[in-house]
Protein chains: 2
Amino acid sequence: MVGGGQLARMTHEAGIPLGIRFKLLSDTPQDSAAQVVSEVVIGDYRDQDTLRAFARGCDVITFDHEHVPVEHLRALEADGIPVRPGPEALLHAHDKGVMRARLSELGVPCPRHRIVADPEDAAAFAEEVGGFPVILKTVRGGYDGKGVWFVRTPADAVEPFRAGVPVLAEEKVDFTRELAANIVRSPHGQAVAYPVVESRQVDGVCDTVIAPAPGLDEELAGQAQHLALTIAAELGVVGHLAVELFETTDGRILVNELAMRPHNSGHWTQDGSMTSQFANHVRAVLDLPLGDPRPRAPWTVMCNVLGGDYPDMYPAYLHCMARDPQLKIHMYGKDVKPGRKVGHVNTYGDDLADVLERARHAADYLRGTITE
Amino acid sequence: MVGGGQLARMTHEAGIPLGIRFKLLSDTPQDSAAQVVSEVVIGDYRDQDTLRAFARGCDVITFDHEHVPVEHLRALEADGIPVRPGPEALLHAHDKGVMRARLSELGVPCPRHRIVADPEDAAAFAEEVGGFPVILKTVRGGYDGKGVWFVRTPADAVEPFRAGVPVLAEEKVDFTRELAANIVRSPHGQAVAYPVVESRQVDGVCDTVIAPAPGLDEELAGQAQHLALTIAAELGVVGHLAVELFETTDGRILVNELAMRPHNSGHWTQDGSMTSQFANHVRAVLDLPLGDPRPRAPWTVMCNVLGGDYPDMYPAYLHCMARDPQLKIHMYGKDVKPGRKVGHVNTYGDDLADVLERARHAADYLRGTITE
């Protein structure tokens, strides 16, 4: 696996029971996954020789993130190493312009959008969709709200062009909430769909995920799963695909973003589903039959744990574990910095209000927002 | 953790979400746990200097097996390293003679027993308990049926004395089945009890575990849990304690063996309980509040996967995973040798017959006993 973040850490955890020998390419030995994996190569994935040397002897390569240049992936394939998901699929996760063009071609409902050349063109786009505000995004390099601008005036439209990366303009969608449709697809074409979840963001960062999305119209849920399965099949995705969606005020769903790897909106599956997204991602990239994605409890809630003012979270464990013996804590081994994602918690049960309260309380307590 | 077997492997897996830095003392780099842990020291735990050097800088030491000499554990404690479970508790797991004497003192029901000096004394013991057959055990060094003899005649009683280790004689109990009461206890005295399970042995090796034990009288189940909690408290056990029991034909329970570490009869908890034995063992040795031990499904079954004639089990995965998408496979990364425990499978559900059949089928298929 390329990349030493928490997704690699949790993928390794899920691979242990399958008897997988897991090899990691990590930036530093302190990276989240590098702390827990036996076979770690420290190196820069942006360097093609490093990447090719790392991949030698691997049965298959997969990824913790979407930043590996496509030409490097093609070089691995030329070396005879299966890359999953492959470069042709990952192109769409690398470049939001390519993604939007392809999805539109497939008839997948998206916010209205087009590439804009400069601030004036952005203003023209705003006119086309009924006026400001609009969303501007650099087509590459954004995540967790970075590389995305909420543009209210022509003056706001200057900043996004500074990086020299093409800029995609999208209409500001009137939505009631965000959803995510997560599926896993294997090379031989088997696919499983997890229940569609509600994803609540705070400051552009995923904060809470509720599985399944409360009160979601069954037909809309089925439509969302179908969309995700179609996208995966058409783009040739192998492994986990997260399709982030808007549920609009007029009852439609529109695709917001794609992620071709395990995803924050699927962390609930570790404790809430029969087979976690990480286990199914491993099974998919190894072309093993996929596991049952169904939930094990009526409700599961995930809350991200962000770093707060206290560098040592250990004392907070005592409170959280004693208060809620069913709480599932997942920490990433990261140094605590204010606002940094350092872990998440999962709770499950029959009563959504209770399940939500328990996850919220634990996440806030671990962060230090509340001390009770 | 001292010892690189599958128990350490699965303890590491359970420690990853807790953000634990896990350090391993392993005999070889090929050992089951050494394959998946980042920080591995290769060395011999029987060498006190090796063990002390390994332990330096650890917050706490725990064990994959019960073979570390007690004097070494005392040396670690003298160095200021917490050892959990501690040497005074582990004494009872090291030496069956000490264990039987202590349990009898506590009024814990055990098979009739005494240390016997030689084959003639064993014959005399047989007379005392109503005649042959009786069981002879070396007080140290036995596991999985090794170091245990089923003695039908005075001539059978010669072999057990050959090792020069004291021999314990026990009456042959008339039992309907074997049970196990698993509990976890923390240094501050909190304890949780898992449901009492039925454990089926084949040739002295654990084969199948059913949780909870079908049809077990509720009072007897409570008595078994109470026994295990009492033993843990009286012996000062910290971490997981497995109490293997006989359910006798006349409706009593008698203690067979103790194990002070995660145990094969608790592997079902990985997929069948809210908190696995491994997670709770980690929480106990770190003196963190314990997790909820309750089951997540009406029935959970574990079957051990023994090595068969096929060294590569990977092709069998395809069949097993495709046949049963809810099957949970846990492999240990061990080379396959006929009869060797190389993994286990867990299944869970509402219908015991179905859950049993699925686990049995998968274990047999992985071993190669059936090819369907």
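Here the Cβ of each residue, glycine as well, is placed from N, Cα and C on the backbone.
Heads up, TrEMBL stuff is auto-annotated, nobody curated it.
Since we're looking at a predicted model, the values are computed, not measured.
Its Cβ placed at the centre, A:LYS96 (ATP binding site) has 25 other Cβ atoms within 10 Å. Taken from TrEMBL, the feature ATP binding site applies to A:LYS96, A:LYS137, A:GLU170, A:GLU171, A:LYS172, A:VAL173, A:GLU178, A:ASN256, A:GLU257.
Residues annotated as domain 'ATP-grasp' in TrEMBL: A:100-286.
Take the CB of A:GLU257 (ATP binding site) and look out to 10 A: across all protein chains shown you find 18 other CB atoms. Mean pLDDT across the domain 'ATP-grasp' (A:100-286) comes to 95 in this model. A coil conformation is recorded for A:LYS172 (ATP binding site) in the three-state DSSP classification, outside any helix or strand.
The ATP-binding residues named in the record, A:LYS96, A:LYS137, A:GLU170, A:GLU171, A:LYS172, A:VAL173, A:GLU178, A:ASN256, A:GLU257, extend over a maximum Cα to Cα distance of 18 Å.
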